[in-house]
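Colleague: Okay, here's the structure, questions in a sec.
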Amino acid sequence: MNWDGLYASAFERIRDNIGKVGNVLLAYNTNIDAIKYLEREDLERRIGAAGREEVLPYSEKLPKRIESVPQLLGSILWSIRRGKAAELFVESCSTRFYMRRWGWDELRMGGQVGIMANLLGGVYGVPVIAHVPQLSRLQAELFKDGPIYVPKVEGGKLKLVHPKEFKADEENCIHYIYEFPRGFRVFDFEAPRENRFIGSADDYNTNVVIRPEFEEHFGEIAEKTELAIISGLQALTEGNYREPFETIKEHLDVLEGKGIPAHLEFAFTPDETVRKEILGVLGKFWSVGLNEVELASIMDVMGEKTLAEKLLAHDPVDPIVVTKAMLKLAEKTGVRRIHFHTYGYYLALTDYRGEFVRDALLFAALAAAAKAKLGDVRNIDDVVKAMDVPVNEKAKGVEEALTKEYGMENGIAEVNGYQLAFIPTKIVAKPKSTVGIGDTISSSAFVGEFALR
């Protein structure tokens, strides 16, 4: 197949039509990312100082949250050993102080909402309304220029302003990102691919603290909205999920009542009770986006233990197993679209049909490759600069398996009453950063679909 030709065509169509997309509501997590590029000698020294025998058990199994330095270092090792991302809440004040003293190499916009706001509003020119739990001066400065808005209430009236015009000096919400390249070695472990571990060290995003503007004026905000992307539920626990979930359910009911398609951007959620709660409200969403670790964690709470294990058994992950898991999730919840993204390929299972689903995936993959290649995408025309990045050769086996099992043609197949769309991604050999790649993929694909409708 001429995938490069399909990539070029998809980009042109979405670039020409993305201006049709109206306001996209983004909630709930925005923060500041403090990025540290790991160095072998430094990490080995820190593990030695913390006690190697104390650290290594957490590289086998992640804790639910981080309460000590050995848990932090072991969790970083867990990600390195597997080349997989993970994010955990840092509860311990002494560990937060340790991370602050360890320092960072750069500060960037963080949180799924913040990253997607800068991409959709600052790069694509799609107007967004963002939920920002704390609008510090530094947080506001990290937003790009463009149609990015936050609600502000003055004299009892709601208006939308750019974050830089909000003029508040609230707290800094900092998350620490520990990045490593493919082949990164520490002791006898080697990273099979580039990725990162995230230590969340703020109490607003992790408790999904919802701003009063969103509590009191959500109906009015929703009136101004055409699409919604919900994220940030991953740090909730059995102890703190009930209050925010009540508000979130109310928000979902409002969106559903107004016929506004909402996408849930899933993320690694350690707490089983919270995963079950998310599963319970998934039917209120149009769409959900996840990777193999996240899909396996959902299969686990659905009682599909064997399927969960199979999802993590092979690299690249078996597309037939992924499809079976997506079918089970769609049939159980009624969610209309499931977007699966992994290193090397994407799949979308939808209860509707059309090549635009595949083309939106292609646009998303090109945007992700551009972000990996350039570090920062300044405008939509920067996306096309990734056209020279090669299509993943290993995905040929994935395509062959899907063709054999489902009779896939041109990246599209009919499976059990659903359409399955497939694309191979473009792989940047030495990415400048991996932070925000997943958010770039999911928001570009979701909004890209509606640009082509």
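Note that Cβ sites are derived from N, Cα and C of the backbone, with glycine treated the same way.
Okay, these came from Swiss-Prot:
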type     : residues                         : note
DOMAIN   : 1-453                            : domain 'ADPK'
BINDING  : D33, E87, G111, Q112, H175, D439 : D-glucose binding site
BINDING  : E265, E294, D439                 : Mg(2+) binding site
BINDING  : N291, H341, T342, V428, G438     : ADP binding site
ACT_SITE : D439                             : active site, proton acceptor
Colleague: Specify the secondary structure state of G438 (ADP binding site) as given by DSSP, simplified to three classes.
Modeller: helix
Colleague: Given the binding-site residues E87, Q112, H175, D439, which one's Cα is the least distant from that of N291 (ADP binding site)?
Modeller: D439
Colleague: Between the Cα atoms of E294 (Mg(2+) binding site) and H341 (ADP binding site), find the distance and write it as a whole number of Å.
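Modeller: E294 (Mg(2+) binding site) to H341 (ADP binding site), Cα-Cα distance: 10 Å.
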Colleague: For the D-glucose site (D33, E87, G111, Q112, H175, D439), what does the 8 A shell look like? I mean other same-chain residues with CB within 8 A of the CB centroid.
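Modeller: Those within range, site residues removed, are N29, N31, G110, G114, I115, I198, V435, G436.
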Colleague: Please report the distance from the Cα of V428 (ADP binding site) to the Cα of D33 (D-glucose binding site), rounded to the nearest angstrom.
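Modeller: About 22 Å separates the two Cα atoms.
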Colleague: Just give me the nearest neighbour of E265 (Mg(2+) binding site) among the binding-site residues E87, H175, H341, T342, G438, Cα to Cα.
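Modeller: For E265 (Mg(2+) binding site), the closest Cα among E87, H175, H341, T342, G438 is found at G438.
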Colleague: Provide the three-state secondary structure of V428 (ADP binding site) computed with DSSP.
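Modeller: The three-state answer is coil.
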Colleague: Taking DSSP as the reference, which of helix, strand or coil describes N291 (ADP binding site)?
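Modeller: Looking at the DSSP assignment, N291 (ADP binding site) belongs to neither helix nor strand, so coil.
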Colleague: Within 10 Å of each Cβ, count the other Cβ atoms, then let me know which of the binding-site residues D33, E265 comes out lowest.
Modeller: D33
Colleague: What other residues of this chain sit with their CB within 8 A of the center of the CB atoms of E265, E294, D439, the recorded Mg(2+) site?
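Modeller: After dropping the recorded site residues, what remains is Q112, S231, F266, A267, G289, L290, N291, G438, S442.
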Colleague: So which binding-site residues are near G438 (ADP binding site), with CA atoms within 10 Å, out of D33, E87, G111, Q112, H175?
Modeller: Q112
Colleague: With an 8 Å cut-off on Cβ-Cβ distance and a minimum sequence separation of at least 6, pull the same-chain contacts of D439 (D-glucose binding site), or say none.
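Modeller: Non-local contacts for D439 (D-glucose binding site): Q112, I115, M116, L119, S231, E265.
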Colleague: So which of the binding-site residues is most packed in, judged by how many other Cβ atoms lie within 10 Å of its Cβ, out of N291, T342?
Modeller: N291
Colleague: Using all protein chains shown, find which of the binding-site residues E87, E294 scores highest when you count other CB atoms within 10 A of its CB.
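Modeller: The largest 10 Å Cβ neighbour count belongs to E294.
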